[in-house]
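J.: This is the structure, below, for whatever I ask next.
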Amino acid sequence: MGDQVQFARMNGLGNKILVVDMRGRKDRVTPQAAIALNADPATEFDQIMAIHDPKSAGTDAWIDIVNSDGSMAQACGNGTRCVVQALAAETGRKAFLFHTVAGLLEAKEHDNGTISVDMGKPRFGWDQIPLAEEFHDTRRIELQIGPIDAPVLHSPSVASMGNPHAIFWVENDVWSYELDRFGPLLENHPIFPERANISIARIRSRQEMDLRTWERGAGLTLACGSAACAAAVNGARTGRTERMVTVNVPGGPLKIEWRERDDHVIMTGPAEWEWSGTVDPVTGIFARNEPESGDNGARAL
């Protein structure tokens, strides 16, 4: 085996996360390593959260986010909660400030074990999302799947939560749509020059919605935190919901608040530790640690 680092297999409401400790190193998890890890059923994942030494004063870490296809992501709310749980177990602290390519992320662990992440302000400008064409109102853009006179999905609300999202509002059960079929087509639609996360959302009340997501670079997942935030924000700005909602993703509920005083989006939910090991961040070759007697719950990396 080559040069190994510590990593943990975790999940945020079923969103499969590998938290990799790259502190003290100058290199990064390679796309080849990500693809190799995703090809093994033991380490198949949705996102890698690679923890690096901080690049700016006052922050606790720089985090690289890698999708299962080896591409880089700008945001992963569920993965951020997993990082918080691992670092809280390591340090005994409750609050953290991370830096990512999308900006700063504040996060804290609550006494009940849930974790809140400040995902920052949503962006609605067509060139901020970004879109390939100018739209003055991104609450509803011209995009559809299916026949012109009877589209299956149409007129999504779009926004950026550090990464681009399109939310299609539907009347039927979110499970009745072939998202595994439509997702790749919409993710790679020319209107999205950086590709996009594609979600279908059904409103249950002004305080609750159901959501399924095809994640850019990862495919169908049980949970996508940034998509839940994008859906909640778009629900509020289109008049469908209040600014505080429960978003039911396949893995369970997330609490999302679009805070009025500063427009920041706060996501709250759980994280779960599964197992740990060592991995070569260049090749993806890994070894699983033997569990200790009575080993359960969150542990330090």
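Along the chain as shown, residues are numbered 1 onward.
Glycine is treated like the rest: Cβ placed from N, Cα and C.
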J.: Can you pick which of Gln47, Gln144 Swiss-Prot lists for the same substrate site as Asn15, Asn67, Gly77, Asn78, Asn163, Asn197, Glu215, Arg216, Gly225, Ser226?
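T.: Candidate in the recorded substrate site: Gln47.
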J.: Can you tell me the CA-to-CA distance separating Asn15 (substrate binding site) and Cys224 (active site, proton acceptor), as a whole number of Å?
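T.: Their Cα atoms are separated by 7 Å.
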J.: Could you tell me the C-alpha distance between Cys224 (active site, proton acceptor) and Asn78 (substrate binding site) in angstrom, no decimals?
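T.: Checking the Cα atoms of Cys224 (active site, proton acceptor) and Asn78 (substrate binding site) gives a distance of 7 Å.
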J.: I need the neighbours of the substrate site defined by Asn15, Gln47, Asn67, Gly77, Asn78, Asn163, Asn197, Glu215, Arg216, Gly225, Ser226. Which other residues of that chain put their C-beta within 8 angstroms of the C-beta centroid, in sequence order?
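T.: Neighbours within 8 Å of the Cβ centroid, excluding Asn15, Gln47, Asn67, Gly77, Asn78, Asn163, Asn197, Glu215, Arg216, Gly225, Ser226: Asp46, Ala73, Ala75, Cys76, Gly79, Thr213, Ala218, Thr221, Cys224, Ala227.
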J.: Please name the residue among the binding-site residues Asn15, Asn67, Asn78, Asn197 whose C-beta has the most neighbouring C-beta atoms within 10 angstroms.
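T.: Its Cβ has the most other Cβ atoms within 10 Å: Asn78.
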J.: Whose Cβ, among the active-site residues Cys76, Cys224, has more other Cβ atoms within 10 Å than any of the rest?
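T.: The residue with the densest Cβ neighbourhood is Cys224.
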J.: Around the Cβ of Ser226 (substrate binding site), how many other Cβ atoms lie within 10 Å? Please give the count over every shown protein chain.
T.: 32
J.: According to DSSP, collapsed to three classes, what secondary structure does Asn197 (substrate binding site) have?
T.: strand
